[in-house]
Amino acid sequence: MARPVVAIIGRPNVGKSTLVNRLCRSREAIVHDQPGVTRDRTYQDGYWGDREFKVVDTGGLVFDDDSEFLPEIREQASLALAEASVALVIVDGQQGLTAADESIAEWLRTQNCKTLLAVNKCESPEQGLGMAAEFWRLGLGEPHPISAIHGAGTAELLDQVLTFLPPKDEESDEEEPIQLSIIGRPNVGKSSLLNSICGETRAIVSPIRGTTRDTIDTRIERENRRWRLIDTAGIRRRRSVNYGPEFFGINRSFKAIERSDVCVLVIDALDGVTEQDQRLAGRIEEDGRACVVVVNKWDAVEKDSHTMTAMEKELRAKLYFLDWAPMLFTSALTGQRVDSIFALAALAVEQHRRRVSTSVVNEVLKEALSWRSPPTTRGGRQGRLYYGTQVASRPPSFTLFVNEPKLFGDTYRRYVERQIREGLGFDGTPVKLFWRGKQQRDAEKELVRQQNRQG
């Protein structure tokens, strides 16, 4: 079975996300002094002793508010409880017992999940005992005083959490999942796409821009592989965002790109490529991530048999940073071609991790040189490309040894990259070329050593 799940439940602004960051030793959950900052359920890896588990952070539960998101937040919490070994219920010791806490306790009794009660914001043991006493009235068992921000009482709380987890021998070793992030501007359909992929309401979907404010992690199996899907807050130009939860969510989205194996860049078919889409494309290429471009809302486009070809040409002209990325036209609403995302992403990841022998690299370079010689300067100096070798993967990176790097202009460098792609593939991944000066005799000796090392 997969690692056990611990669900974090409570009303808004009692410190759930702060506790998640404490339990998972991270800063991934957005923490801000505004109620309701976390709206979707988000997953992180938790560790205590020799045990590993998943911590799922849910949106703040409220039962006396008419916000349009509240039914969805309660549904997210129910889904989290359905997969959890224990629900860690968080209350605010400084504010004391509230009617909202009592409503949550009553609702929890209708759910089939064991509970553990933590009284947060107890900054000293003496203070904590007094604050915790009144929470016995909730009927959720012994209240445990803690301070999520300072760590007081959290060790004892985690010891209690472990007693609710299944025995360790019931867990199996898992291959590390492929990290796939869903990236795009607000309201291009990222959360709808995630829900279509998963077949459940995994992220709250609304026509209001910026509905998703955290990065949301989901584990799923497709194409005989395990995936960790990351739906991110919509990324806008920084000057249009005020400091607050949305600002922190945007920064989290950029971090999601950094920790991804492959990014799915979602473009709105009705809007086309915007300046912000171009910035995102550049960020993905700059960070060296594999990528699939998904053009969503294809069902809403009036089209004939030529529309897709014409639109792809137009989009690619503007997304020149990602001319190597496959492009897929989808509809999250109807599910059209959504399943194909995984096939393309799996291929992109495979190419992103691929390594090629030095002999094969140099066969391709020899062919490239036979078709087009390096440029010659006005003074009669000609560039000479001695040999190349792959020095890294993720992304594939090559060092090309030449007589003098400055003799090779951008045009010829792009030509060599195109020839490497045509000869070796690497669809769906950026390729990095490093041009290094070397004396011919030294280059020839180094090439022999490289070939002997690879057998």
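Keep in mind that glycine also has a Cβ here, set from the backbone N, Cα and C atoms.
Counting every protein chain shown, 16 other Cβ atoms lie within 10 Å of the Cβ of ASN13 (GTP 1 binding site). Annotated GTP 1 binding site per Swiss-Prot: 10-17, 57-61, 120-123, in sequence order.
Summarising the annotation, Swiss-Prot assigns GTP 2 binding site to 184-191, 231-235, 296-299 and lists sequence analysis as the type of evidence. According to its DSSP assignment, GLY184 (GTP 2 binding site) is in a strand.
Look at Swiss-Prot and you will find 4-169 tagged as domain 'EngA-type G 1'.
Among the features that Swiss-Prot reports, domain 'EngA-type G 2' is placed at 178-353.
Swiss-Prot lists 354-439 with the feature domain 'KH-like', giving sequence analysis as the kind of evidence. Using DSSP to sort the residues of the domain 'KH-like' (354-439) gives these counts of helix, strand and coil: 32 helix, 22 strand, 32 coil.
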Candidate binding-site residues GLY184, ASN187, LYS190, TRP298, pick with smallest Cα gap to THR58 (GTP 1 binding site): LYS190
Candidate binding-site residues GLY184, LYS190, TRP298, pick with smallest Cα gap to GLY10 (GTP 1 binding site): LYS190
Mapped DSSP class for THR58 (GTP 1 binding site), helix or strand or coil: coil
Three-state secondary structure, TRP298 (GTP 2 binding site) (per DSSP): helix
Pairwise CA distance, CYS122 (GTP 1 binding site) versus LYS190 (GTP 2 binding site), rounded so that it is a whole Å: 39
Rounded inter-Cα distance in Å - ASN13 (GTP 1 binding site), LYS190 (GTP 2 binding site): 26
